[in-house]
Amino acid sequence: MNEKQRLEAQQVESTNSSDKKSAKDYSQYFETVLQAPSLKDAKKRGKEEVKYHSDFQISEQFRNMGDGRKFYIRTYGCQMNEHDTEVMAGIFMALGYEITSTVEDANVILLNTCAIRENAENKVFGELGHLKTLKKERPDLLIGVCGCMSQEESVVNKILKTYQQVDMVFGTHNIHRLPNILHEAYMSKETVIEVWSKEGDVIENLPKVRRGNIKGWVNIMYGCDKFCTYCIVPYTRGKERSRRPEDVIQEVRQLAAQGYQEITLLGQNVNAYGKDFEDIQYGLGELMQEIRKIDIPRVRFMTSHPRDFDDRLIEVLASGGNLMNHIHLPVQSGSTEVLKIMARKYTREQYLELVAKIKAAIPDVSFTTDIIVGYPNETEEQFEETMSLYREVGFETAYTFIYSPREGTPAAKMEDNVPMEVKKERLQRLNSLVNEMSAAAMKKYEGQIVEVLVEGESKYNPEVLAGYTSKSKLVNFKAPKTAIGKIVKVRITETKTWSLNGEMVEELVEVN
Ligand code: 5AD
Ligand code: SF4
């Protein structure tokens, strides 16, 4: 099925039973609907095999679209979004647009949004409010909303009702359609909506403008099939689909040849890599085994799901080399009962067993994690189990969140007897522990020599350079600017809760 046929097929689907309501809603507000989103449709996982397209091209008719025009993209949320922004920037540049770092200068503004928690969404609505003034002053300005929020029916409805300054809404599966969407928006006075509810295919050869030339992101898979009961991602990002190993390896080789010092392999659930291949038995372990042979100093991957973290991967990680000894392994809760309600598909004991297995294979490993507190009906005892698990694993740091109900997910329908003050108090207690253990982990570096990949000047003092260790610890130190982009040795002179201070000892690796 080509793209046009696919779009037509989906339009047909959207007018039948499951999407009647949204079809009716949308028609009240505008005429140009290419495709409206539906969380219900997103949940219906197709059995169709994933199609790979390597023929992405900018059509002749769009080639000069960007002449004399500038684009600005603001990115919210995770690395996946950051990387999608790099792809959209690549498409803009291929269309002849110039990049700008201020909204005032821009002819097109895109907000690449995140739907993971309510406060992420509120930030975007706030920003849209600010942009209204700009749109009034310059009616020819195009404003677009893309990313995960665009996949939600309620958000699209709200934009149409309340945020008429928005010209385009497009989804996470529609990024490669950016030229057509822009074209449509220039031609039409109505809001252009193109959001495919069901997963897209895998599109290769998309242009990219990467941020910086030291660290690069490489998508290895898209989507998530885990359906944890709190999480909106399986709906907004579609089903799991892996890029072919040869495409991933080629991209990493290119980055290595360009002098990149570090790559991070990206996916919502990277440990499920390859499960969707029908012709080969190939998982993340095999992929890492190939990638570790490539001449690039540092390789990371995120985000892992404990359930799919297999022995083959542990074995490959244990062989070290350019594979970093830091694993981000979201646990979410330390209580088996809560984990069950979250549908995480592992128990506290299984998580601890996995951690023990990894520690035995890689003695110098460090763990970080994600935790949600205040899940519906979480008891004090269950919360204490999270605290005790945190200590038992010895996490070096964590991203901690208060549970935020997401419309369309099973947890949003659960009754909840935990008052917000209790949730906030639990978050505070957890954060105190996180701080305490982070400071303790940092303390161990006092007087030690660490290898730091130097990323640039410190945010707070241009006299100071900043970079990260193999275990992702931020280090600030004085050194000549020539150290930027290199891996250097730094002696740690002072430790803080979230960062280390030091002095450079020597440079290690030259950038080609
Ligand atoms: N509420 C709070 N936190 C959430 N996360 C995902 N969904 C929610 C939600 N509804 C957190 C999880 C996940 C991280 C990226 O965001 O901890 O690992
Ligand atoms: Fe969300 Fe769970 Fe998938 Fe992670 S594994 S993206 S938390 S559904």
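Yeah, the Cβs are placed from backbone N, Cα and C, and that goes for glycine too.
Those TrEMBL annotations? Automatic predictions, nothing curated.
Of the listed candidates (Cys148, Cys224), TrEMBL assigns Cys148 to the same [4Fe-4S] cluster 1 site as Cys78, Cys114. In this model, the domain 'Radical SAM core' (210-440) carries an average pLDDT of 96. Break the domain 'TRAM' (443-506) down by DSSP state and the numbers are 4 helix, 35 strand, 25 coil. Cβ neighbour density within 10 Å is lowest for Cys78 among the binding-site residues Cys78, Cys114, Cys148, Cys224, Cys231. When secondary structure is read from DSSP and collapsed to three states, Cys231 ([4Fe-4S] cluster 2 binding site) falls in the coil class. With a CB cut-off of under 6 A applied against ligand 2, the binding-site residues Cys78, Cys114, Cys148, Cys231 are reduced to Cys231. In sequence order, Gln332, Met342, Ala343, Arg344 are the residues of the chain that are 6 or more apart from Cys228 ([4Fe-4S] cluster 2 binding site) and have a CB within less than 8 Å of its CB. Close contacts with ligand 1, defined as a Cβ under 6 Å from any of its atoms, occur at Cys231 among the binding-site residues Cys114, Cys148, Cys224, Cys228, Cys231.
Cys114 ([4Fe-4S] cluster 1 binding site) sits 12 Å from Cys231 ([4Fe-4S] cluster 2 binding site), taking the CA atoms of both as reference points.
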